[in-house]
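Taken from Swiss-Prot as is:
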type: ACT_SITE; residues: Glu133; note: active site, proton donor/acceptor
type: BINDING; residues: Lys107, Ser108, Thr109, Tyr110, Ala111, Arg112, Thr131, Leu132, Glu133, Gln152, Tyr166, Gln176; note: dCTP binding site
Amino acid sequence: MAVMPDKWIREKAENSRMIEPFVNHKSSKGVVSFGLSSYGYDARVDNKFKVFTNVNSAIVDPKNFSENSFIDKETDVCIIPPNSFVLASTVEYFRIPRNVLVICVGKSTYARCGIIVNVTPLEPGWEGHVTLEFSNTTPLPAKIYANEGACQFVFLSGESECEKSYDDMKGKYMNQHGITLPLVK
């Protein structure tokens, strides 16, 4: 597998709509950086968040997920309570080619503040907004800035197309829009 460079990412975004909307340069002045980088793409976090709360004494169960586990916030700055967790999604919509696997890594700016972002791989043939999981590992409240960089996606090109893509397998998170909660089918 090869890590794909900026030129390839740009071509796929502009000609195959792999990333929409696509920022063709790195934006970093006064913001957490986002946009095209040398060997990846720094995606932005949308302004809708699901902040976990214990107000309703809900139990987090991935097989029976309760919407009472969180409160919805639409804001330019999301405050993550100490040692807590927030769901969000990317501003960008991704369409992953059949011969590409995408992995996500966190932003150094957030990691240095104890904020960790987790995203599972984007499978070949998958498309949608990416649901982002932010953890505040500190004993203090922490901020996430909407419409600024959240994480970096690295595109790995396989030697050939896969036999069965995420789309072929009718993956449960296919074509997701906004924040998608856990699904066990």
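Each Cβ is built from the backbone N, Cα and C atoms, and glycine gets one as well.
Source: prediction; values computed, not measured.
Feature map: Swiss-Prot annotations on the structure.
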residue	record	Cβ within 10 Å
Lys107	dCTP binding site	22
Thr109	dCTP binding site	15
Ala111	dCTP binding site	13
Thr131	dCTP binding site	19
Glu133	active site, proton donor/acceptor	13
Tyr166	dCTP binding site	21
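Largest CA to CA distance in the dCTP binding set (Lys107, Ser108, Thr109, Tyr110, Ala111, Arg112, Thr131, Leu132, Glu133, Gln152, Tyr166, Gln176): 34 Å, whole number. A gap of 21 Å separates the Cα atoms of the residue listed as 'active site, proton donor/acceptor' and Tyr166 (dCTP binding site). Thr131 (dCTP binding site) carries a strand DSSP state (E or B).
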